[in-house]
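**Student:** Not my notes, these are from TrEMBL:
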DOMAIN    24-271  domain 'Nucleoside phosphorylase'
BINDING   31, 62, 82, 83, 84, 114, 213  phosphate binding site
BINDING   194, 236  purine D-ribonucleoside binding site
Ligand code: HPA
């Protein structure tokens, strides 16, 4: 079977044969942000490796499974572990789960990540609402022949992160006393952390934060007609912004520290948009 639509339907059929909840909200959990799964009740797990046509995750800190259940009484689907372009997947593979989510009936997608801060008003641990993105990778999941069953050939990208969802996230944060910033996320290919010269260049392009994920999934979700909310955890200041060396361990450690506020916030957002 080489038709992507048929593959996606096959993946969906397998998932539906294992789980009969009908979530309309999904969350992609970034590095070190997997604790949200603890807030999910009546959990049911489906390992990526068991889903026909699904890619499998290779990065440390990424579990590689779908988690179905309820947060504050609302059906949700969480992706614990995502796929990155730098792992060698094609952009279509990176975005594949989003195509499956659409078939499962997901309407709103919360995309989270750990990333480097470029805006000097940020600190490690800052939570940032993503209000726009810059795709620094000369590739995206929509390249190739378009299948109109998924979406239009030339999708609009003027509101990649839904303003209504951003406003709700802000309102909820203010209600429960979560501090947040807002900014533009630049998607860098990786897997190396950027050079200082690259960060200067990205900063000049208008980015507030930089990471190695999120952009392909956001493009695919918009193409598929889903509403996206993006929440980034600044785990370190980007190269040259602060004098320090980067490590994945540090990224995961800082994300885990921020994850108490992060989980509280996401759970409350879900309650408000569900
Ligand atoms: N750059 C790119 N990706 C990242 C970073 C960074 O500084 N921190 C966490 N993910």
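Along the chain as shown, the residues are counted starting at 1.
Glycine is treated like the rest: Cβ placed from N, Cα and C.
Describe the structural context of each listed feature in the structure shown, including burial, neighbouring residues and relevant distances.
**Tutor:** In the three-state DSSP scheme, residue 84 (phosphate binding site) falls into the coil class.
Neighbour count (other Cβ atoms within 10 Å of the Cβ, all protein chains): 23 for residue 194 (purine D-ribonucleoside binding site).
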**Student:** From 82, 84, 236, which binding-site residues have a C-beta atom under 6 Å away from some atom of ligand 1?
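**Tutor:** List returned for ligand 1: 236.
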**Student:** For a quick check of packing: other C-beta atoms within 10 Å of the C-beta of residue 83 (phosphate binding site), how many?
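**Tutor:** Around the Cβ of residue 83 (phosphate binding site), 28 other Cβ atoms lie within 10 Å.
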**Student:** Rounded to an integer, what is the Cα-Cα distance in Å between residue 213 (phosphate binding site) and residue 194 (purine D-ribonucleoside binding site)?
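**Tutor:** Between the alpha carbons of residue 213 (phosphate binding site) and residue 194 (purine D-ribonucleoside binding site) there are 14 Å.
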**Student:** Select the closest residue to residue 236 (purine D-ribonucleoside binding site) from the following binding-site residues, measuring between CA atoms: 31, 82, 83, 84.
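**Tutor:** If we rank 31, 82, 83, 84 by Cα distance to residue 236 (purine D-ribonucleoside binding site), first place goes to 31.
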**Student:** What does DSSP call residue 194 (purine D-ribonucleoside binding site) in the simple three-state scheme?
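**Tutor:** In the DSSP reduction, residue 194 (purine D-ribonucleoside binding site) maps to coil.
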